[in-house]
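Over in TrEMBL, the protein carries these features:
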type	residues	note
TRANSMEM	13-36	transmembrane segment
TRANSMEM	73-94	transmembrane segment
TRANSMEM	106-125	transmembrane segment
TRANSMEM	131-153	transmembrane segment
TRANSMEM	165-184	transmembrane segment
TRANSMEM	196-217	transmembrane segment
TRANSMEM	348-369	transmembrane segment
TRANSMEM	375-402	transmembrane segment
TRANSMEM	414-437	transmembrane segment
TRANSMEM	443-464	transmembrane segment
């Protein structure tokens, strides 16, 4: 029966979720990914206190305070320097994961968090605004590294039927980080003036827990076998991360990928961009990562309070309403996490961008009509909730997961460098341009985000195939098929697609590449 089949599917689903897999997913997401969300939101609540500290420090040094423009510029630098650090961190990913490994990079980068936490925590005692700004810059570097390395690590240690579930855990913890900063920033907790240095430096706590426990777990088996050629360590790692499973079959699948890459070292970003065999994958990473930030989600988060105020919510209650939106983020993220292996990647990302696009159009309509139609101010609140929920269900985490899935071992670090750097550059661009866009276009500025969201959804629908429950080799062969269709004149037999191994991806030849998909562990 359907009920029995569903029950069996659920049992099989959780059978492969071992305690080691779950522990590593939790530790990496809790100690690294969550900090990104926390640092995005942590400066909002104590903004007034931080500005006051900057002004008092300048008065003590120079005898005169800062004017409003200079103070705003200094605070804006404190906020935006996080994105600059993130861009620098994302550009370092390829080198770090090749040298230190996936887990090694996560562990070694924790030193950045302790340095940044110390600078921000002792900044008021030392009377140094520079320590706050430099601390934010260093946390940005750590987040830039973590946003790419954690999904890469989890994508490589997960069996193929759990890659989506584990791959979305970092995005759920990012939402949890935002929510934690919103809750702790309430006036009843750490929202008082005397607590803001502690509030900023609290990031060291989850990182300390991660540093104490994560080193006991193995490195990525794929990294150990394909890049380090260490079969013994690979077998040991697989025994940690797998339940009762044919480990030998999974090693054979990795070795097939290794053989296809036998003449290829880990490629640089430049080599990735010039490699015509992966141009569809590269273009897809570019589109979904830029679309993720240019979807307008950052602008919505920034102006949520104004929209709630226009809806008639009293000013003292807005902070609690904002916490409510943080809770919606977590619920939406969990829905995506627990449905991705059943629905697939495409429905979540297409549906997420589609909902965001329609809600952006809804915000424009409600802002135009709310002076004439009173209930439209509530429609704008509903659209804000819809945009946040749509983003967290799919676009918040699936782009990082897809970046891991579309590339094999040799190309993956460079792909994450490209995707991560574009993500951070787009983040910085939207933060810089949106105030001017809003001034010039008014309520119509959200139509720009509507067009971007719907365009990305259309691109994914027509270009990116479903990667659910497929090995990395199978996914690369799907894109090789796309290349082959474009070069159909090279077919030797119209009923058979034949491939040769070329840079680990597909191109046409008279000999077929055989792959037994049943030889790998789910």
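Cβ coordinates are placed from backbone N, Cα and C, and glycine is handled just like the others.
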Winner by Cβ pairs under 8 Å against the transmembrane segment (196-217), considering only 106-125, 131-153, 165-184:
106-125
Near the transmembrane segment (375-402), which residues from the same chain, at least 6 beyond its ends, have a CB less than 8 A from one of its CBs?
147-148, 151, 155, 163-164, 167-168, 170-172, 174-175, 284-285, 288-289, 291-292, 295-297, 300-301, 304, 307-308, 310-312, 325, 328-333, 335-337, 340, 345, 348-356, 358-360, 362-363, 365-367, 369, 419, 423, 464, 467
Applying the under-8 angstroms CB criterion, which one of 73-94, 106-125, 165-184, 414-437, 443-464 scores highest with the transmembrane segment (131-153)?
73-94
Would you mind listing the long-range same-chain contacts of the transmembrane segment (165-184), meaning Cβ under 8 Å and 6+ residues beyond its ends?
17, 21, 25-26, 28-30, 32-42, 44-45, 147, 150-151, 154-155, 157-158, 190-191, 199, 202, 319, 322-323, 326-327, 329-330, 332-334, 336-338, 340-341, 392, 396-398, 400-401, 404
Any contact between the transmembrane segment (73-94) and the transmembrane segment (348-369), i.e. 3 or more CB pairs below 8 Å with pairs at least 6 residues apart?
no
Before we move on, state whether the transmembrane segment (443-464) and the transmembrane segment (348-369) share at least 3 Cβ pairs under 8 Å, counting only pairs 6 or more apart in sequence.
yes
